[in-house]
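Okay, structure first, notes after.
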């Protein structure tokens, strides 16, 4: 188990969102957390990335309590891309991606050749090499999201947590970002945990789906086992048919609604 | 075709030929395990500003009631007589205090603006300057005429000390009120503005209580003045800067990171609240020391980092260039304060306020335009 939540209780202030949750993330897998708005999936991801300290239970990284490890050491192994991240005004793409090298730098080691090649490779992998000098504010939504993923790549961690990396993107860009995530996994063997809203894309790009509702895990496993008609009813209160995706062979959710029933 | 991908955590062999990803004006300097990024433009700007502040100091040595030529200044430094006293005891310490105070204020401003993620923020909102003003005004009004007047022990040691304590107490008030399970930049700004408003009104209320002479003396102090500043102001300020500037520079990288959202910063392995707390502490101490020496000189902390930002074309106010800009601004403002209405000397804070107010309006107009577009 690379990353593990053991009996965690999570919340903000007095409001408890997740209570008594257990979840393990195996090395070399792509795990996608799905669930209705407010079910606690982003909260769980933040806790796994030690952005939120559990008020009960513990989060283990490689078997050690993540909150007891030096945060800079964690940052060398685990990268987090928060939901809708914000960057300072006027920042260039290259500056943003270079920021990913922060955990590897000290005051006397500010720009090593490792930093330089890691940033160059991260830019190349996300297809942004020609845009390095462009301010982030001038990019399209898809390019901007790729720049942020590029920053997480430059960090050089083999664990990546992505909170809704496809929000605000059109379908073509969503696919582009998820193809990139798949390549990270396929070519680099990285372990990815992400939160996604689109169930069909989640089914297609994940090895493992975790379905949550009201702060609890309802089902976890391969997409074909998790994404069933009864689960959709239980988790999303959604009346839907599940057919086979004609391209990938994964489950495809077709909502029924009232107009055609 | 996609390029081959690195293994995570892999050390890249020196033969790797990735194209440089830094712009041409940034040069890496690498010796063994040590590597620095030399930014040519900020370095050049820093040298020019250093020359400018030296030139301004030299001018200050020459200009005054007793005008001196350059050779006379040099002779005054080595010899004795009235010129020696004028240069070494009056003009030089005053000019040095001005430059040091300006540098400290600008550095405090650069840090505050980075933490608040707002170009309109200044250490004033940290409660330092108004806290110091309340303490000093209270002391002058309560004990001014009984404690030896403007040149007595109160003025020399008591007032700077009171200003320091008052400034730190003001900052502590803001900090405690703003802390809520961590320190948020926006919350800090809002609480700071509120506390500043309260302190400012207390200050004016105190001024109405005092006798006319004490109140007018207090007014000179609260507008920020370098008049009569001697070596007893230079040494503490220089000592404080010698400690705080390296501390601030060590935090530069965290400060750069802190301009991002908190989740991003934490994800990068920065102890967000600790880093932010330390940097705010550095800003508070710098502003408090500066205020203790020269009173609350306005606008330097606000304007210098933004001018430095535009001079260097950087993405965030660079600390060293900001400090040098602050030194140049304050030295130039004090030169104007001494000479424009000569023989009447204005408090330097009046000059910085007159120059700074239009600048603040410009910033506000620009911010509004950006918000609209």
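Start at 1 and count along the chain as shown; that gives each residue its number.
Glycine is treated like the rest: Cβ placed from N, Cα and C.
The region 'Disordered' annotation in TrEMBL covers B:1-25.
Look at TrEMBL and you will find B:8-20 tagged as compositional bias 'Low complexity'.
When Cβ-Cβ distances below 8 Å are used as the criterion, the transmembrane segment (B:43-64) is approached by residues 70, 73, 86-87, 90-92, 94-96, 99, 308, 311-312, 320-321, 324-325, 327-328, 331-332, 334-335, 338-339 of the same chain, each at least six residues removed from its ends. Taken from TrEMBL, the feature transmembrane segment applies to B:43-64 (among others).
Sequence-distant contacts of the transmembrane segment (B:95-116) (same chain, six or more residues past either end, CB-CB distance under 8 Å): 53, 56-57, 60-61, 122-123, 125-126, 128, 185-186, 188-189, 226, 229, 233-234, 237-238, 240-241, 244-245, 248, 255-256, 258-259, 276, 279-280, 282-284, 286-287, 289-290, 293-294, 297, 300-306, 308, 316-319, 322-331, 333-334, 348. The transmembrane segment feature in TrEMBL is assigned to B:95-116 (among others).
Annotated transmembrane segment per TrEMBL: B:125-145 (among others), in sequence order.
Sequence annotations record features per position, and here TrEMBL assigns transmembrane segment to B:157-178 (among others).
Listed as Cβ neighbours of the transmembrane segment (B:185-206) (distance under 8 Å, sequence separation of 6 or more from its ends, same chain) are residues 115-118, 121, 124-127, 130-131, 133-134, 137-138, 141, 170, 173-174, 177-178, 218, 222, 280. Feature annotation from TrEMBL assigns transmembrane segment to B:185-206 (among others).
TrEMBL lists B:233-250 (among others) with the feature transmembrane segment. Long-range neighbours of the transmembrane segment (B:233-250) within the same chain, counting only residues 6 or more positions beyond its ends whose Cβ lies under 8 Å from a Cβ of the stretch, are 93, 96-97, 100-101, 103-104, 107, 111, 160, 278-279, 282, 285-286, 289-290, 292-294, 319-320, 323.
Residues 97-98, 100-102, 104-112, 114-115, 120, 122-124, 126, 128-130, 132-133, 136, 159-161, 163-164, 167-168, 171, 175, 183, 188, 220-226, 229, 233, 236-237, 240-241, 244, 247-248, 251, 254-255, 258, 322-323, 325-326, 329-330, 333, 347-349, 352-353, 355-357, 359-360 of the same chain lie 6 or more positions beyond the ends of the transmembrane segment (B:278-304) yet place their CB under 8 Å from a CB of it. Residues or ranges marked as transmembrane segment by TrEMBL: B:278-304 (among others).
Residues or ranges marked as transmembrane segment by TrEMBL: B:346-365 (among others). Long-range contacts of the transmembrane segment (B:346-365) within its own chain (CB-CB distance under 8 A, at least 6 residues past either end) are made by residues 98, 119-120, 220, 223-227, 294-300, 302-303, 306, 329-330, 333-334, 336-338, 340.
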